[in-house]
Amino acid sequence: MYDPTVARLTYRALLGRRRALILGALPLLLIVIAVAVRALTGADDQTASDVLGGFALATMVPIIGVIAGTGAIGPEIDDGSVVYLLSKPLKRPTIIFTKLIVAIAVTMVFSAVPTLIAGLILNGNGQQIAVAYTVAALVSSIAYSALFLLLGTVSRHAVVFGLVYALVWEALFGSLVPGARTLSVQQWSLAVAHKVSGGDLVTSDVGLTTATVLLVAVTVLATWYAGQKLRALKLAGEE
Amino acid sequence: MTTLSIDHVSRWFGNVVAVNDITMTIGPGVTGLLGPNGAGKSTLINMMGGFLAPSTGTVTLDGQPVWRNEKIYQHIGIVPEREAMYDFLTGREFVVANAELHGLGDKAAQRALATVEMEYAQDRKIATYSKGMRQRVKMASALVHDPSLLLLDEPFNGMDPRQRMQLMDLLRKMGDEGRTVLFSSHILEEVEQLARHIEVVVAGRHAASGDFRKIRRLMTDRPHRYLVRSSDDRALAAALIADPSTAGIEVDTAEGALRIQAVDFGRFTALLPKVARDHGIRLLTVSPSDESLESVFSYLVAA
């Protein structure tokens with residue numbers, strides 16, 4: 001199911017100079033914000049939760065998910081170099097699964113690790129807030145990677161659609177429209193975070209069971225469907 | 001012995017028919033797939049390589065279906081037309097990765113790089129390669145697993161004459177070794193130099209198939225039209241019409257030129273400068289007026 005060569009090619013494409021800079025910018029911003037907030041307001045659990053929930057989980061994680069998820073396959077399909085993977089005796093779902101693992105790993109490293117660091121800076125993991133949001137970032141990294149990898153497989157405008165989903169749906173509707181929250185990776189991961197923190201600072205509109213089922217279902221279905229789409233991928237000719 | 005069979009294959013995109021009921025069998029040796037741009041060559045090659053499903057019909061390699069059959073790639077090497085190829089890798093890394101994807105190692109990659117004589121630049125990033133170097137590394141990636149079928153889409157596009165000759169030698173060698181090699185091209189001379197057997201596709205249809213000499217004759221024996229301007233059009237006309245290679249000459253006074261219809265292409269092109277020199281006539285313009293490939297092919301289709 002996992003091919004180390006596909007993984008190596010994907011890592012190198014993803015962590016190429018330009019994309020690595022974009023991937024690194026948001027985490028850096030988060031840590032700068034955390035340092036500034038801590039310096040200005042001191043350690044405060046509510047503030048820590050606001051920063052981690054409002055910026056890290058609602059904005060940074062989905063955007064990194066978009067960059068890593070779509071970037072793991074989209075550019076290869078766009079420029080046609082995916083032909084070098086497809087013209088091998090390699091099962092198409094193996095290609096997708098491997099790319100998913102890489103996208104998840106990259107999203108986790110660039111979102112969960114800085115979330116933990118920012119949380120520790122903000123309130124030293126008081127009330128388990130840093131760990132709770134880190135777990136949320138880890139969990140949502142998986143679902144976002146799967147969703148955006150699928151998007152990268154089916155659409156040439158994956159980054160645009162992905163950003164619209166991440167920013168409009170997750171960040172805007174997710175916070176304003178109650179119904180949209182049920183269908184939000186962010187809320188599902190918050191349900192898991194709520195369980196970890198145990199307190200009332202981290203809350204979700206979705207119950208833990210529903211959230212877990214939806215997270216697993218979205219990840220599995222998106223990955224399966226991406227594998228199917230890749231099996232039937234037509235490489236457009238020059239004509 | 002590897003045989004690629006295309007059986008009543010059609011492919012349409014919406015209302016556009018790109019490939020129209022083509023049946024052909026490609027056997028060992030070098031085969032040229034010839035046709036003007038937009039004739040459906042790439043669509044056909046994509047179906048041969050399993051990257052596109054035929055709308056109707058089947059493509060099989062020694063009886064095995066090509067579409068949705070990843071295992072078939074153990075036997076197929078593909079050199080795509082598109083340039084993109086993981087430019088951030090070095091040539092060696094790229095070929096090694098291709099070898100690994102076939103379950104092979106460095107040895108196979110090194111052998112393939114040696115075959116295309118790219119060892120000298122193997123540690124440079126692909127991004128720094130010239131078109132010809134890219135083409136050779138693509139070839140190496142297609143050869144790592146020693147495939148019995150090699151598909152190349154417009155492999156000579158953008159190559160300089162020396163690179164072209166090198167690649168031709170290599171493909172000829174592959175064909176002589178008993179591999180089934182198919183390459184597409186829209187340039188007649190290219191195909192003629194390399195392939196004994198050609199398949200001609202025009203406007204999505206299979207226009208001709210067989211020995212290139214016969215088809216070449218069909219293509220060259222048709223009347224060729226030339227527009228010629230000289231220092232003395234009438235004297236040149238009189239001298240040319242005496243030779244059987246010329247079927248008719250019109251003195252176009254409005255254009256101030258001769259419209260010449262030649263029946264024997266080779267002989268006429270040798271004759272014209274000789275006649276002009278013998279009669280002390282200066283040639284000012286010699287331009288073939290229907291030499292576009294499309295007209296050559298449409299003549300062939302009509303024949």
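Counting begins at 1 with the first residue displayed.
In case you wondered, yes, glycine gets a Cβ from its N, Cα and C as well.
Since the structure is predicted, the reported quantities are computational estimates derived from the model, not experimental observations.
Taken from TrEMBL, the feature transmembrane segment applies to A:20-40 (among others). Within its own chain, the transmembrane segment (A:20-40) has Cβ neighbours under 8 Å at 14, 47, 51, 55-56, 59-60, 63-64, 67-68, 106, 110-111, 113-115, 117-119, 121-123, counting only residues six or more beyond its boundaries.
Cβ atoms under 8 Å from those of the transmembrane segment (A:52-74) belong to residues 10, 13-14, 19, 22-23, 26-27, 29-30, 33, 82, 96, 99-100, 102-103, 106-107, 110-111, 114-115, 118-119, 122, 129-130, 133, 136-137, 140-141, 144-149, 151-153, 156, 158-159, 162-163, 165-167, 170-171, 174-175, 185-186, 189-190, 202, 226 of the same chain, restricted to positions at least 6 beyond its ends. TrEMBL lists A:52-74 (among others) with the feature transmembrane segment.
Sequence annotations record features per position, and here TrEMBL assigns transmembrane segment to A:95-122 (among others).
Taken from TrEMBL, the feature transmembrane segment covers A:128-151 (among others).
Look at TrEMBL and you will find A:158-180 (among others) tagged as transmembrane segment.
Feature annotation from TrEMBL assigns transmembrane segment to A:206-226 (among others). The list of residues near the transmembrane segment (A:206-226) in space but at least 6 beyond its ends in sequence, with Cβ under 8 angstroms from a Cβ of it, reads 73, 93, 96-97, 100, 139, 142-143, 146-147, 149-150, 153-154, 181-182, 185, 187-192, 194-195.
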